[in-house]
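K.L.:
Supplied in structure tokens, the structure appears directly below.
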Amino acid sequence: MAQIVPPPDFAKLCTLRLGGSMKRFYKTTDCGDLTTAVAAADRSHVELLMLGGGSNLVPPDAMFEGLVVQDARTNVSVVNDPMDWPSDVDLPKDFPNPAGFPPGTVLLRADAGVIWDRLVEYTVAQGLSGIEMLSGIPGTVGAAPVQNIGAYGGEIAGALLGVVAWDRQLNRVCYLSRATLGLGYRDSILKRSRASWGATGRWIVLEVDLILRRSDLSVPVAYGQLAGHLGVETGARVPLSQLRAAVLDLRRSKGMILDSADHDTWSVGSFFVNPVVALAAPVLARLTPEAPRWPLAGAGAVKLSAAWLIGNSGIEKGFALPGSRAAVSSKHVLALTNLGGATAAQIRELGDYVIAQVNEHFGLTLVPEPVML
């Protein structure tokens, strides 16, 4: 492990391109060094932040007094025969029997430090189907199961086998299966553990295991907008490269592909999660018929569009508070952006304003998606 002296500012490592300095910063390519540093910080009661791509973080303007650790391990391995699946940790009882996987199943293990979109690009090039609809999502592999990242009708949950993780409570490496992870919409036990552990939860993802299929065709297209862009019906399968290109086109049109020359991409992507409410929730009576809503099977709930709620509470694309360098994206109301020279405080202030406007109009409180230090 190497300590970077002097530590970089958050502005150089976060997609919002803002934030103050950090007191201690470690970047490592060794798993043992990583877990040793984490354990030492925990013993000393030092606040810990595991930093991936910095794409889901609103950093502080002031110096961060804790320890920032960045995992730079980038190994990817593919096992064509599931029966040859190696494991250097004890697998849980609910781990599926590889003998039961259908023909054409491929297992892939990626280090947490791998850039997520590079992994997607790799799988498409190798003719491996399962995560292609998640193209263009920023960040690293290690963060993907924490948020249960998803887009255009797919989630990592659909391809996730499990994760190798460091358990900060038990001080050991463990394996968490997909069932154990408690995955939900932008949620997991990894994320929920932050409530008692802070910005970095109890478990630190070290490696991610995916179940993919060897195929030149994508998984069925489930998202209407994506199907329309492709010119196919929902449920159709298209060549992997074609689906990836279409997803990247759509994300780019919304300012969701990182571009240093485009301030609309100086953001954390979607700043708010789509709210999930009970079928009897009062907010539903306030919605007009055209308001998007997606019933959740068996949950007695419905998912609403945060973007629609924001746009119909009087907030327009490009909106900014007086004197602020933080603004709503000119391409998509769900993103809050840095126009250049914004502070983290201004981003938070704008986020609070959006929350207040939506609450005033619909009686519903939006929940921010990024980690806020």
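Glycine residues also receive a Cβ, built from the backbone N, Cα and C atoms like all the rest.
Because TrEMBL annotations are produced automatically, they should be read as predictions rather than curated entries.
Sharing the features that TrEMBL gives for it:
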- R186: active site (ACT_SITE)
- S270: active site, proton donor (ACT_SITE)
- E369: active site (ACT_SITE)
- 18-243: domain 'FAD-binding PCMH-type' (DOMAIN)
K.L.:
Measuring Cα to Cα, how far is R186 (active site) from the residue listed as 'active site, proton donor' in Å?
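P.N.:
Answer for this pair: 11 Å between alpha carbons.
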K.L.:
Roughly how many Å separate the Cα of E369 (active site) from that of S270 (active site, proton donor), to the nearest whole number?
P.N.:
7
K.L.:
Which secondary structure state does DSSP assign to S270 (active site, proton donor), in the simple three-class scheme?
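P.N.:
The three-state answer is strand.
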K.L.:
Within 10 Å of the Cβ of the residue listed as 'active site, proton donor', how many other Cβ atoms can be counted across all chains shown?
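P.N.:
Summing over all protein chains shown, the residue listed as 'active site, proton donor' has 21 other Cβ atoms within 10 Å.
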K.L.:
When the pLDDT values for the domain 'FAD-binding PCMH-type' (18-243) are averaged, what is the result?
P.N.:
94
K.L.:
Please work out the number of neighbouring Cβ atoms within 10 Å of the Cβ of E369 (active site), leaving out its own Cβ.
P.N.:
17
